[in-house]
């Protein structure tokens with residue numbers, strides 16, 4: 001590209017500018033209107049209760065107002081018949097699901113309960129509402145299970161129908177199995193005792209038709225129940241830890257925020273000293289981590305069970321188990337040693353460039369000092385991102401639950417209407433019941449046959465696409481606003497006298513008024529790449545079980561290429577937004593000019609910009625590491641002064657990880673402002689070098705310290 005030429009009228013961010021990329025602005029507005037329409041339609045048709053509450057065979061919710069029941073039993077596996085053999089020939093109707101007030105807690109079959117008052121009273125709780133009321137039968141002859149005559153000198157309570165009719169009409173299950181409630185559904189209470197799979201302390205059960213079956217046949221129907229149950233127990237313990245430690249977590253996050261703010265304020269006055277102190281502190285923190293890991297590793301020597309390998313132990317929900325293994329602390333020790341070595345080597349080879357990076361940080365400190373409101377601006381970006389996430393998540397839930405209950409015809413004998421959709425309200429008066437007297441209209445699944453239901457997958461895809469587009473637009477708006485404010489500082493010849501009164505608000509207004517289209521253009525390109533990456537990840541997940549190695553290889557290559565493309569577009573967009581904030585040009589022109597400007601100064605870009613990023617990373621690491629170590633000593637009760645103050649926890653890593661992640665996000669928010677400031681000043685600095693030569697007609701706009709560092713002077717101005 002051609003270097004920038006001197007322009008005597010250029011005095012910083014151009015105020016007399018016009019709207020750019022209007023077509024993209026119109027597209028964004030139309031897309032947002034369409035997104036609102038999709039949300040309204042989804043909220044009209046959707047019902048999030050379908051995600052939380054189970055349904056019975058009629059599609060009615062369990063545990064809702066108007067129903068006295070709370071749980072809905074999950075259908076058993078097809079290999080476990082619920083009706084006597086011979087009554088149903090495939091394809092069978094779906095297993096009957098009913099809402100119950102509690103899950104069964106014992107083994108029982110309908111045939112064994114039949115004729116016993118207490119058993120029948122208990123069994124009736126798991127039958128359909130159509131099940132007829134029982135009535136007393138006197139002592140003596142009774143009706144047998146299959147309609148035959150039997151004699152017994154007992155008083156029985158039996159239904160008016162015979163068992164064969166009850167089971168044929170699917171009014172009661174053929175058997176009950178001890179179950180436990182999980183996610184408002186009843187799952188077989190499977191447990192392992194000394195390696196033996198048992199349900200209700202039994203290894204076999206009666207299937208309701210006179211056969212004994214092994215409980216292992218129930219594993220397929222509930223193979224994920226135990227994993228989900230353990231996960232639920234883990235989640236409950238984590239929730240308990242949060243309830244007793246939330247205020248200490250907030251205190252830790254406040255400490256991180258204060259430390260980040262103090263660090264930034266100190267950078268304004270003591271950038272050079274703070275950078276070197278930061279480097280030394282990071283090395284010391286890593287050194288202490290190495291020492292602590294070695295001491296723990298040595299302390300576990302000779303203890304029983306400490307030499308078990310991680311592979312032999314496998315995955316454990318109680319993560320404290322891993323801390324009793326020597327191999328865990330050895331892995332931590334190796335990782336910290338490698339990290340320490342890499343940081344020391346980088347500092348040795350880049351020691352000269354660090355001085356230049358310090359000068360940029362000092363200049364950025366002055367810029368932030370004159371635009372202090374920029375430190376709070378990330379809160380605005382964070383709030384808008386939260387709105388995007390909330391709208392996307394709620395729309396996705398409503399779209400996924402906007403299906404309707406679909407009923408189909410099921411018949412025990414040959415019927416031409418079997419499998420057709422039906423309506424329960426009019427089914428009994430239709431011609432189907434005349435031609436197929438034993439046909440039933442039963443709930444099959446949630447779906448729909450309207451145009452809306454057919455295009456639900458398209459609406460979900462549009463929802464994901466709009467989320468990426470709007471999220472990237474919000475981030476772009478924040479970047480161009482900060483770039484405009486800091487560019488106003490750099491191109492002020494007399495700093496800060498020549499700066500506008502409110503540079504941040506002025507930049508924000510220019511961005512929305514003139515460059516909404518350009519921001520929409522850049523975020524659209526990035527959103528398309530991100531959607532393609534999500535699609536590739538979905539295909540990769542679907543093809544995990546496939547054995548086509550070529551397809552897997554091709555997919556891995558595509559994922560790698562689009563990952564690199566996304567990183568490049570993010571880098572290009574960031575610098576294009578800086579050029580938009582300064583010159584007011586459209587996105588393509590700004591991206592081209594920024595790219596060529598960086599390519600003409602590729603060595604400075606590769607060294608100065610990345611060294612500055614590395615120093616910011618060290619700053620985040622220092623804040624997060626310090627707060628994390630403080631949280632570790634506090635929650636593990638190793639600080640004697642506050643030993644009794646620390647709350648009792650199930651897992652002390654829960655608040656520690658929360659404080660560490662929260663501290664990183666807080667530090668990242670503060671340092672992102674600094675990062676944008678350095679990037680903006682760096683591009684302005686490169687433009688300044690190309691536009692001006694230090695003469696009286698074309699003086700440099702850079703600060704005196706930068707001119708000293710680069711051995712540049714402005715003629716007629718003393719550089720003391």
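Cβ coordinates are placed from backbone N, Cα and C, and glycine is handled just like the others.
Those TrEMBL annotations? Automatic predictions, nothing curated.
What you are looking at is a predicted structure, and each value in this text was computed from that prediction instead of being measured.
Given the ranges 611-635, 686-710, the record in TrEMBL names 611-635 as transmembrane segment. Per TrEMBL, the range carrying the annotation transmembrane segment out of 273-291, 292-310, 406-424 is 273-291. The transmembrane segment (651-671) makes contact with the transmembrane segment (371-393): 3 or more of their CB pairs lie within 8 A, with pairs spaced 6 or more apart in sequence. Note on the transmembrane segment (246-266): residues 274, 365, 368, 375, 619, 622-624, 626-627, 630-631, 634-635, 646-647, 655, 658-659, 662-663, 666-667, 670-671, 674 of its chain, located 6 or more positions outside it, place their CB under 8 angstroms from a CB of the stretch. Residues 1-2, 4, 12-14, 17-18, 20-21, 24, 476, 479-481, 483-484, 487, 491, 507, 510-511, 514-515, 517-519, 521-522, 605, 679-680, 683-684, 686-687, 690 of the same chain lie 6 or more positions beyond the ends of the transmembrane segment (576-599) yet place their CB under 8 Å from a CB of it.
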